[in-house]
Amino acid sequence: MTRIETVRLRAVLDSRGNKTVEADVLTESGGFGRAAAPSGASTGEYEAIELPVNEAIAAAREHAVPRLEGRVYAGDQREVDETLRAADGTADFSEIGANSAVAISMAASKAGADVLGAPLYQHLGGAFRGGNFPIPLGNVVGGGEHAQEATAIQEFLSAPVGAPSVKDAVFANARVHGEIGSLLEERGTPAAKGDEGAWAPSISDAEAFELVEEAVETVADDVGFDIKFGLDMAAAETFEDGEYVYGDEVRSTEEQIDYVAGLVDEYDLAYVEDPLDEDAYEAFADLTDRVGSQTLICGDDLFVTNVERLEAGIDVDAANSILIKPNQIGTLSDAFDAIELATRNGYETVVSHRSGETEDTTIAHLAVATDAPFIKTGAVGGERTAKLNELIRIADEAL
Ligand SMILES: O=C(O)[C@@H](CO)OP(=O)(O)O
Ligand SMILES: [Mg+2]
């Protein structure tokens, strides 16, 4: 019923104005799915390979499309993804590009759902998720690789942990973003926005902590539920010759652990992503041992949605949560496997966007389908609200 008739690939624009791969999958029974690959700026060293778009499309047309058309069923996600892996033949999708692979993988899932007449989150397994929805982590202030001359820490994330519904949570994050805009204006601090729509003022990290703390408190008072905040420190980007370099601050590994543990205490942080380098399993484990009962220590560049790297982390208790980015690993099946392994081992999952995004909403469905406790997909901006609004629609439809 869901046999793939045609796979079309094209280059479209992403939110940074770069080209990215879009895939259309059509089935013989008339099912249709369309999806586009996102793209990172602070990419982990161990991620699957994103090829230049024209190369990725040409290679996928040559190697993957003929193996899919007329042969594979869109409703059988494992078969689609195994076919992509076999067509590529490498461990990191360097032959057809993880950008082509993930676009086809996600488009096939939508075509499968379309034939079945089910919303994507249900096709992906969401019928058993219960009534839960992920808490959205909203990037409200940032810099690092996502904006020039802004904070050294890549992302300050609003975390509406007490929100009674996903809709309230989404709206609360947008209000925190707005409140920060007003505070910056009052202070006469000009601020552009970074790649993910977060404010990118030229202020120190210390000032950003005060600003975000004030904003979340103000909005929490207003809305009447608890809002905390968290960080993506993207530490692999700042790790040079054994030291962490954040603006003028240079820290050894021990000093970085002390610094982050101190921040968790001082600001009651709900979440800290990539506080240490992408190879620093032991240092991650030290930090998790110190503050893992108070906050989430999340591995992004550390794990790159890869079950082998996650297993290595589980073995040493490196963290207590994992970021899930389908394009880091190349297929939805691989992302599911990482989610399953994480969940079985008590790790919280955080399904995530990339800094370069499109209107694609697959990650909203993936988060709901897998009962992920968190989703990180910005706070404002069209390519971010595409996912946030989809979450609101799913909640509306599912109730
Ligand atoms: O580091 C991250 O978590 C992501 C998304 O916020 O950024 P990028 O897509 O640039 O890797
Ligand atoms: Mg990250």
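Backbone N, Cα and C atoms are what each Cβ position is placed from, and that goes for glycine too.
Here is what TrEMBL records for this protein:
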type	residues	note
DOMAIN	4-124	domain 'Enolase N-terminal'
DOMAIN	130-399	domain 'Enolase C-terminal TIM barrel'
BINDING	HIS146, GLU155, GLU273, ASP300, SER352, HIS353, ARG354, SER355, LYS376	substrate binding site
BINDING	GLN154, LYS325, ARG354, SER355, LYS376	(2R)-2-phosphoglycerate binding site
ACT_SITE	GLU196	active site, proton donor
BINDING	ASP232, GLU273, ASP300	Mg(2+) binding site
ACT_SITE	LYS325	active site, proton acceptor
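A map of TrEMBL features onto the structure.
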residue	record	DSSP class
HIS146	substrate binding site	helix
GLN154	(2R)-2-phosphoglycerate binding site	coil
GLU196	active site, proton donor	coil
ASP232	Mg(2+) binding site	strand
GLU273	substrate binding site	strand
ASP300	Mg(2+) binding site	coil
LYS325	(2R)-2-phosphoglycerate binding site	coil
SER352	substrate binding site	strand
Can you check which residues sit near LYS376 (substrate binding site), meaning Cβ under 8 Å from its Cβ, same chain, 6 or more apart in sequence, and list them in order?
PRO136, LEU137, ASN139, LEU157, ASP232, LEU323, VAL350, VAL351, SER352, HIS353
Using the Cβ center of ASP232, GLU273, ASP300 as the Mg(2+) site position, which other residues in that chain lie within 8 Å, going by their Cβ?
GLN154, GLU155, LEU231, MET233, ALA234, VAL272, ASP274, CYS298, GLY299, ASP301, LEU323, SER352, LYS376
In sequence order, those recorded positions of GLN154, GLU196, ASP232, GLU273, ASP300, SER352 whose CB lies under 6 Å from ligand 2:
ASP232, GLU273, ASP300
Restricting the comparison to the binding-site residues HIS146, GLU273, ARG354, which residue's C-alpha is spatially nearest the C-alpha of LYS325 ((2R)-2-phosphoglycerate binding site)?
ARG354
10 Å Cβ neighbour count around the residue listed as 'active site, proton donor'?
30
Structural state census, the domain 'Enolase N-terminal' (4-124) (DSSP three-state):
50 helix, 26 strand, 45 coil
Cβ within 8 Å of the (2R)-2-phosphoglycerate site's Cβ centroid: which residues qualify beyond GLN154, LYS325, ARG354, SER355, LYS376?
GLY40, SER42, GLU155, GLU196, ASP232, ASP300, LEU323, SER352, HIS353
Tell me which of the recorded positions GLU196, GLU273, ASP300 ends up closest to SER355 ((2R)-2-phosphoglycerate binding site) in space, Cα to Cα.
GLU196
For ASP300 (Mg(2+) binding site) and ARG354 (substrate binding site), what Cα-Cα distance in Å is obtained after rounding to a whole number?
11
May I have the list of same-chain residues other than HIS146, GLU155, GLU273, ASP300, SER352, HIS353, ARG354, SER355, LYS376 whose Cβ is within 8 Å of the Cβ centroid of the recorded substrate site, in sequence order?
GLY40, SER42, ASN139, GLN154, GLU196, ASP232, LEU323, LYS325
How many other Cβ atoms sit within 10 Å of the Cβ of HIS146 (substrate binding site)?
25
